[in-house]
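A.B. asks: Sharing a structure here in structure tokens format.
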């Protein structure tokens, strides 16, 4: 039975619709990372002392909010608009998508992030690609907790925005997701960078060749996302019927 079930899951993960979902995730994640990392590079270009200038933080927060709202919106009806491995992880833990499908989502998101950062590096003629860093006075554990809390808020908003029990959200759902992301960056940018997205942190680290504190941007967001999904699904708004563990979640709801 196990080989048969695995074969069936594999077939479901490589259907035409599933491949469209992976492509949608690639495109959305590419443009999200391009805008977020690019905005940081642009602010550094205009303001070499950006670390001491609050306007640099505002630029990145606004770019994060705008880019996330747009990229979630364009992919929502195809892939669910995850644009974030943490969201995909929460959906897999909650049984909304299969583990195999989640892995394909992750591959699409990681490749997109690396490609976006490579394009930025090449087209800006060797400008330094910034990586997410934590403040000197913070520990890795503290930064992980902070990223977990930020991602909890983000993924909880994702679940609320895409909940069919709340009725059709239209463009308001993606806007709400973008707004909470921008607010989180404004609140914690100087401390942990306000990543909330392992793909964004991974892509910039690969291209920059610096993996310092990279675990912070995986452990924290994945833990916070999983808890947010479980709390929403099982405590705050429990589903009337058990979630389907097949590919139902590929285009189910709105994600980040």
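Including glycine, each Cβ sits where the backbone N, Cα and C put it.
Nobody curates TrEMBL annotations by hand; they come from automatic prediction.
Since the structure is predicted, the reported quantities are computational estimates derived from the model, not experimental observations.
Pulled the feature table from TrEMBL, pasting it below:
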type	residues	note
TRANSMEM	22-43	transmembrane segment
TRANSMEM	55-76	transmembrane segment
TRANSMEM	96-120	transmembrane segment
TRANSMEM	141-162	transmembrane segment
TRANSMEM	168-187	transmembrane segment
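Give me the local environment of each listed feature.
C.D. replies: Long-range Cβ contacts of the transmembrane segment (22-43) within its own chain (Cβ-Cβ under 8 Å, at least 6 residues beyond either end) map to 50, 55-56, 59-60, 62-64, 66-68, 70-72, 74-75, 78-79, 81-84, 104-105, 107-109, 111-113, 115-117, 119-120, 124, 127-130, 197, 199-200, 203-204.
Within its own chain, the transmembrane segment (168-187) has Cβ neighbours under 8 Å at 57-58, 60-62, 64-70, 72-73, 76, 81, 150, 153-154, 157-158, 160-162, 194, 196, 254, 256, counting only residues six or more beyond its boundaries.
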A.B. asks: Would you mind listing the long-range same-chain contacts of the transmembrane segment (55-76), meaning Cβ under 8 Å and 6+ residues beyond its ends?
C.D. replies: 24-25, 27-29, 31-32, 35-36, 38-40, 42-44, 47, 82-83, 162, 171, 173-175, 177-179, 181-183, 185-186, 189-190, 194, 253-256
